[in-house]
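*Asks:* Attaching a single structure in structure tokens format; questions to follow.
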Amino acid sequence: MSLSEEQARSFLDQNPDFARQYFGKKLSPENVAAACEDGCPPDCDSLRDLCQVEESTALLELVQDMQESINMERVVFKVLRRLCTLLQADRCSLFMYRQRNGVAELATRLFSVQPDSVLEDCLVPPDSEIVFPLDIGVVGHVAQTKKMVNVEDVAECPHFSSFADELTDYKTKNMLATPIMNGKDVVAVIMAVNKLNGPFFTSEDEDVFLKYLNFATLYLKIYHLSYLHNCETRRGQVLLWSANKVFEELTDIERQFHKAFYTVRAYLNCERYSVGLLDMTKEKEFFDVWSVLMGESQPYSGPRTPDGREIVFYKVIDYVLHGKEEIKVIPTPSADHWALASGLPSYVAESGFICNIMNASADEMFKFQEGALDDSGWLIKNVLSMPIVNKKEEIVGVATFYNRKDGKPFDEQDEVLMESLTQFLGWSVMNTDTYDKMNKLENRKDIAQDMVLYHVKCDRDEIQLILPTRARLGKEPADCDEDELGEILKEELPGPTTFDIYEFHFSDLECTELDLVKCGIQMYYELGVVRKFQIPQEVLVRFLFSISKGYRRITYHNWRHGFNVAQTMFTLLMTGKLKSYYTDLEAFAMVTAGLCHDIDHRGTNNLYQMKSQNPLAKLHGSSILERHHLEFGKFLLSEETLNIYQNLNRRQHEHVIHLMDIAIIATDLALYFKKRAMFQKIVDESKNYQDKKSWVEYLSLETTRKEIVMAMMMTACDLSAITKPWEVQSKVALLVAAEFWEQGDLERTVLDQQPIPMMDRNKAAELPKLQVGFIDFVCTFVYKEFSRFHEEILPMFDRLQNNRKEWKALADEYEAKVKALEEKEEEERVAAKKVGTEICNGGPAPKSSTCCIL
């Protein structure tokens, strides 16, 4: 059954909602276009009513674009394309408002947008901008008055400028322009030109224009506020980081400026910048004036600073941020150096003005280099230069910034940011009175940087070498419980007998560094402290691995030495029975101190640190390296993922840190001789006790005596290489000697000093003799007294004596060779003297193969 035309019309009149929905779907421009038989696009003018029907859809699309896109140009471009269709305008353009050198202007961002335009074709690159001052053109008038302007005929408009038409070969007839405001501030101007279906834009067009521009206004406001927020954030970061660096260097303006400018380079948003430092001398020295007074040279006639100083740049620091970062320091630069040749820095130093140059190549006042500056092909495009002024309002330097990274000219926000930086740096010049207070902090900074450079914490992959939870359980150690980790470690650790960690003759020569890490973990299990003090097993593994990485890869004082000291401490406690005097907590601290005692050792001794004026020597007055090792160990323990003390209570934690302080500082051999007599007194005192149990009970309660014994144990551990079997000790001795010789080389080349014989590789043949002297003077006492103290330690003393015999034999052999050489030289000298005497007494003269005496 079909409906008549009248019935259909009546139904639609009675059901307006259905009619609206039906025709909205069926009569969209796209469907109408598809229905065209000839395939031609529909006439936009005839579809004006349909466009209005589709207005809600268009607005929805714009809102979606605003949500999905963070690109301002892309969103505004879509708005302008839609406006071209709705207004029947030939094209639309976007002009962004900005300020340079205190002068406001409008620059094209999107130009000649048409309904079928592509964003890339309409987006104006920075070097092709059309710029209007506010006193030129209709767009400038709109920005000044902050009101919409509808120009029906540009020929009758006094504000119209044909400048853009001449550049683009276009004829503007009429236009509609409106400002985009953020409060009272102009953000941009949007303009539509040349009505296609009428002589000019109507009031209805103005309403549509404003309606759709609400979306553009909203997005441009967001963009503008985001830009201002970004600028303020950058400014805050610049001031924060420059303040950080300024207060690290308070004695030298050059280093102060360099550190600050280099640190904030990422926030300056430019490709290159240079800092010219001005000579602050107001009066010349007498010997410089004489040549002028004598008429031998002309007086200075160049520009001067506002306070009357001659403008002389004594140094230029050039920061290259494009391509490979580079810093070039040019002392006493010539006037034709590229950074000065334009005359801009001198002008800024003379006038104190901020100069913002949009197009350097076209500037008439300053002559910038037109071609590429270097092999990289870098060109000067735009420049921002400003003075650095101190609190006395003296210009101390000029900072010049080149080429904003996004290609646009520097704007008002860039000027504010750079001025904040230069102003702060200028004021900071007067802060040198705080140098003494900051000196120690400066040294700490240098040391912290050095620590970071050489220390890398155990990462997620490295821990799998010891705790392979991924392979075993398919998850990370952090996701495993302690029982699971314990089972894995039980299988992965070598056990106490594999490498003889209970033995005094232990040798690391057959072990890898990873084996030593595993042995270190095993020692904590053997001490029974893992379960007792609830050490997280993942933390224990990370700690040992990080300790091993904290040791530098040097000849002797490396991770192997650090582990050997800890293993000897473990052996003295367990095999040597010294554990009977100490609690589990104290043994825990002592083994840890052994592991940390030489961490980050540099291969040079304390005396070298002082001679070379190393920051460590300035930071620590005595036991320089030992205090640094202690601080490094504490630094690692302060990290939660490495803190094996994390489950100790406050009193326990204070106690272990106190013991570590004593144990590590005690490895300074300069202190060894101070404690020898006290240790010997304790050993003698132990012999007065017939009952060993009573002695153990007595000493266990004597805190001071226990600390003295512990300090001497650290010395015995540190020197324990001398007590190893000869085949091990002879190799280790060569490693020690090699490291000493390396220090001797440094003293000879860097310090220009003659090293002592022990560190002079030219006297390497004297090593056996030096070893015998070292054993007699330093080592014999400590191991002899420990063997008296506990007979279980006697093997160390016996091997020491055996090694002395070996070194003595080598020393005697060397002495015999030296003596034989000396005797031979003496015989030759006597023989030569005898021949000379015979000649003098009339004896036969020696025959010569080169001359004949007649």
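Just so it is clear, glycine is given a Cβ too, placed from its N, Cα and C backbone atoms.
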*Asks:* Swiss-Prot records His597, Asp598, Asp718 as divalent metal cation 1-binding residues. Which of His561, His653, His655 is assigned to the same site?
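*Replies:* Swiss-Prot lists His597, Asp598, Asp718 binding divalent metal cation 1, and from His561, His653, His655 it also lists His561.
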*Asks:* Within the domain 'PDEase' (481-814) only, compute the mean pLDDT.
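*Replies:* When the pLDDT values over the domain 'PDEase' (481-814) are averaged, the result is 94.
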*Asks:* Rounded to a whole angstrom, what is the C-alpha distance between Asp598 (divalent metal cation 2 binding site) and His557 (active site, proton donor)?
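*Replies:* Each residue's Cα considered, Asp598 (divalent metal cation 2 binding site) and His557 (active site, proton donor) end up 7 Å apart.
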*Asks:* Helix, strand or coil by DSSP: which one applies to Asp598 (divalent metal cation 2 binding site)?
*Replies:* coil
